[in-house]
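Comments concern the structure below.
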Amino acid sequence: MDERDALRISREIAGEVRKAIASMPLRERVKDVGMGKDGTPTKAADRVAEDAALEILRKERVTVVTEESGVLGEGDVFVALDPLDGTFNATRGIPVYSVSLCFSYSDKLKDAFFGYVYNLATGDEYYADSSGAYRNGERIEVSDAEELYCNAIIYYPDRKFPFKRMRIFGSAATELCFFADGSFDCFLDIRPGKMLRIYDAAAGVFIAEKAGGKVTELDGESLGNKKFDMQERLNIVAANEKLHPKLLELIK
């Protein structure tokens, strides 16, 4: 499998998931239909999104790590899949929820070769490969902000930081793409307990890095050794090369 195959598969999945979600009334999306492998309730919207995605991925020689079903398949290519990132938004009609896929030649993020995020509500498509990162087919880069008095997304605003604006959209994959295309200058998820799982963030991290961003753990360590595994959790500090060290110093 190469980048072209991954893009083809991702686009097919995005189309099918979007159709599945669009056909569901909001009152149906919100119903609990079981418990996911991650230990959280599965909404009807999650179930139909994952079913649509897995129907396509089962035709490929891949190992899939996904929120609801866990680890599936035994292929040489690993796929971190979140078929519906931003479930709450999807159940309320808030237009920030995405399908997210990251493809890797091993079970580690450092061997990823393709990332894909598709906003199911707006139709905006983000992907990255060896040539760079793209939004709706156009190259994107992170912002060139140099000062902390900047726009930021932060999940743990208990302390007073000198940011001009803070936003929380409820979809890490989409938010990392907002960082990647320069809409926001930073992305931080510094919640205690490392609430993000690998399938939440892998594609967004890959896209952000290919757009020129620096993305690390709280201690500045690379995310490259994070595994495509249900137990893998992470915090994220993402900014451009100039802002990143300032953010790390600030949140110590």
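Every residue gets a Cβ built from N, Cα and C, even glycine.
The Mg(2+) 3 site in Swiss-Prot is built from Asp38, Thr40 plus one of Glu12, Glu16, Glu67, namely Glu67. Binding site for Mg(2+) 2 per Swiss-Prot: Asp82, Asp85, plus Asp200 from the candidate set Asp189, Asp200, Asp219. Mapped onto three states, the DSSP output places Thr87 (substrate binding site) in helix. Ranking the binding-site residues Thr40, Thr87 by how many Cβ atoms sit within 10 Å of each one's Cβ puts Thr87 at the top.
Across the structure, Thr40 (Mg(2+) 3 binding site) and Ala172 (substrate binding site) place their CA atoms 17 angstrom apart. On a Cα basis, Asp200 (Mg(2+) 2 binding site) lies 12 Å away from Thr87 (substrate binding site).
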